[in-house]
Amino acid sequence: MTIQKIAIAGCSGRMGRTLLEAVTQAPDMRLTAALDRTGSPYLNKDAGELIGTPCGIPIVSDFASALTDCDHLIDFTRPAGTLAHLSICRKIGVKMVIGTTGFSVEEKNQLEAAAKDIAIVFAPNMSVGVNVTFKLLEIAAKALNEGYDIEIIEAHHRHKVDAPSGTALRMGEVIAQTLQRDLSQVAVYGREGVTGERKPETIGFATIRAGDIVGDHTAMFAGIGERVEISHKASNRMTFAMGALRAARFLIDKPNGLFDMQDVLSLR
Ligand SMILES: NC(=O)C1=CN([C@@H]2O[C@H](COP(=O)(O)OP(=O)(O)OC[C@H]3O[C@@H](n4cnc5c(N)ncnc54)[C@H](OP(=O)(O)O)[C@@H]3O)[C@@H](O)[C@H]2O)C=CC1
Ligand SMILES: O=C(O)C1=N[C@H](C(=O)O)C[C@H](O)C1
């Protein structure tokens, strides 16, 4: 068994801490770098202290030198951070697993360009359940392609900064693509005031931010006399972290290319 050398960006964040737990418990992985941004109060502390088990790896902020002895960087931070890390990984040939959400179209193009040189898995949701849900949405959209109004509802914790969630947007993309609609033309993000009647081809998004909700997503297909709801509810961030580890294993023999969890889970 070849041991994969893993670096974690944003290691003191919610996902960073969960990833620390997952990586330090994985028999085929070794944590070789734990990174936080400049100014983090955790710099120079043992990364394991964040999860109650010291591991001898200090938290540092100099990505370029910390990444020299790593195979993969797992990055769940913010678009600006991920893009800065991307350019270093591209330069020194470190593969990336990117879970960050909230990228603009232009920023996503930067990921695609970097994937010419390094292998990347980029997915708004790394859980197996959500990725199976995307397949269920294809089936539902194909069968309920007329006479059903489509709405996507998502709920997350009070600290989440982007909306709608990356997963909700991907759900919209999957449905729009199946129905040969252009999401940028048919998406409706929230409603207020005298909105007029619903246009049949629209795909609506509704966002809830409250408490400690880990991540709930529902796609509703509402017709006359019935409605179908396809839901996923995450109750623990470890489901995302385990998906990220699967993604890193998937990348071992990939020299370059941009992949998502549908590739990792052979769902395409
Ligand atoms: N794909 C998936 O399966 C999942 C994706 N996510 C996504 O992952 C991301 C992180 O979520 P979460 O862990 O809850 O967020 P947190 O805010 O808890 O953690 C984010 C971490 O990134 C750091 N960070 C913020 N901005 C920058 C920057 N510009 N450069 C470098 N580091 C930065 C933060 O540092 P500081 O504390 O100093 O700000 C923190 O350590 C979000 O985009 C979220 O949507 C979340 C769960 C699952
Ligand atoms: O910020 C989060 O917490 C999550 N973000 C992802 C998203 O935006 O879809 C995935 C998950 O739902 C948790």
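Using N, Cα and C of the backbone, Cβ positions are placed for all residues, glycine too.
In TrEMBL, the NAD(+) site is described by GLY10, CYS11, SER12, GLY13, ARG14, MET15, GLY99, THR100, THR101, ALA123, PRO124, ASN125, MET126, and among ASP28, ASP36, ASP149 the residue recorded at this site is ASP36. In this structure, the recorded positions that sit close to ligand 2, with a C-beta under 6 angstroms from any of its atoms, are LYS160, THR167, chosen from GLY10, SER12, ARG14, LYS160, THR167.
Taking a Cβ cut-off of under 6 Å from any atom of ligand 1, the recorded positions ARG14, ARG37, THR100, HIS156, THR167 reduce to ARG14, ARG37, THR100. Computed over the domain 'Dihydrodipicolinate reductase C-terminal' (129-265), the whole-number mean pLDDT of the model equals 98. Separating the Cα atoms of SER12 (NAD(+) binding site) and GLY166 ((S)-2,3,4,5-tetrahydrodipicolinate binding site) is a whole-number distance of 21 Å.
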